Amino acid sequence: MGIHGLAKLIADVAPAAIKEHDIKSYFGRKVAVDASMCIYQFLIAVRQDGNMLQNEEGETTSHLMGMFYRTIRMLEHGIKPVYVFDGKPPQMKSGELAKRSERRAEAEKLLEAAEEAGEVENIEKFNKRLVKVTKQHNEECKKLLSLMGIPYVDAPCEAEATCAALVKAGKVYAAATEDMDALTFGTPVLLRHLTASEAKKLPIQEFHLNRVFQDIGINHEQFVDLCILLGSDYCETIRGIGPKRAIDLIRQHKTIEEIIDNIDLKKYPIPENWLHKEARQLFLEPEVIDADITELKWTEPDEEGLVAFMCGEKQFSEDRIRNGAKKLAKNRQGSTQGRLDDFFKVTGSISSTKRKEVESKGSTKKKSKTGGTPAGKFKRGK
């Protein structure tokens, strides 16, 4: 779920904190990708006749197809992804997980009714609501990534928190996820829509946390309290306090405790046994890997291993998998070229007009030297 309404709130009150870019803008960048979010997207989107792709044994393969081709697409644009997998959910998330189970049970009933009535659109809609990322999905994707030569990290707890830790440690440029709570966990840069289907033609949204703080006039601790008021996975919120009211209260009173002391509790009743302090602690000091000592290595793909797994076990087209493996090897050879800003630190600023002129000249030179790389098409397997 992330944080209720946070993206819209930032767009309304701190629009300069959001930039929109094409995928080509991230050439040479290392990015920590929320693996569970990606796999969920693939299970929803990679379908044939409304159903998830399967092999002859009836095993789902949508997640593998999505992971294979979307990862290749990133590599073709010079992006070096590292995937971060969820660990155990925090105890505080048990309430949210219980609600999800209830919604899934309700969707099962609605699906059954839709099937009896022959309502094709509703059948597809409720089928998607039943999608859940399983341990098997995760393990198969880890095996695939290893064969592709792509690093992955097992987070001890929430993947978004470990993504944020990798960004803060300077191991990667940004965290890529649709969950806005990556910002609450403190990632300096968040990318949304990086792994979205090419067909959707969505620009990549880049959020800068320090600019959010600057434009709203709050610090990280106050931002965490704001997110708790908006609504998170970890505790209830105060009913009746919407996004604009929440931001005004945080600006005025700084903390949830001070807000409680200064609002009409009859009009805005506090949830019983409210765990806002525990939620704050979870966001400010999450359980994460030691990012400073974590080494990320991108290696040569194992073409024969990929064929054995994806074709021998999962029955994908051998021609397509071998073609993908060759793209992996080619992009591995070309991945040593980095970005200029990896070697030089910016000590001053230039005007937006001059910056555009510099970028324009740079892109012209790059095109004349290397030629354009065609965007990787998202292909169907099998």
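FYI, residue positions are counted from 1 along the chain as it appears here.
Backbone N, Cα and C atoms are what each Cβ position is placed from, and that goes for glycine too.
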Identity of the Mg(2+) 2-site residue among Asp233, Asp248, Asp261 (reference: Asp179, Asp181, source: Swiss-Prot):
Asp233
Of the residue ranges 264-272, 273-281, 300-308, 336-344, which one carries the region 'Interaction with PCNA' annotation in Swiss-Prot?
336-344
Could you measure between Asp233 (DNA binding site) and Asp181 (Mg(2+) 2 binding site) for me? Cα positions, answer in whole angstrom.
9
Looking only at the region 'I-domain' (122-253), what are its DSSP counts of helix, strand and coil residues?
69 helix, 15 strand, 48 coil
Whole-number answer please: how many Å between the C-alpha atoms of Asp86 (Mg(2+) 1 binding site) and Asp179 (Mg(2+) 2 binding site)?
13
When distances run from the Cα of Gly231 (DNA binding site) to each of the binding-site residues Asp34, Glu158, Glu160, Asp179, Asp181, the nearest one:
Asp181
Please identify, from the binding-site residues Asp181, Gly231, the residue with the sparsest Cβ neighbourhood, meaning fewest other Cβ atoms within 10 angstroms.
Gly231
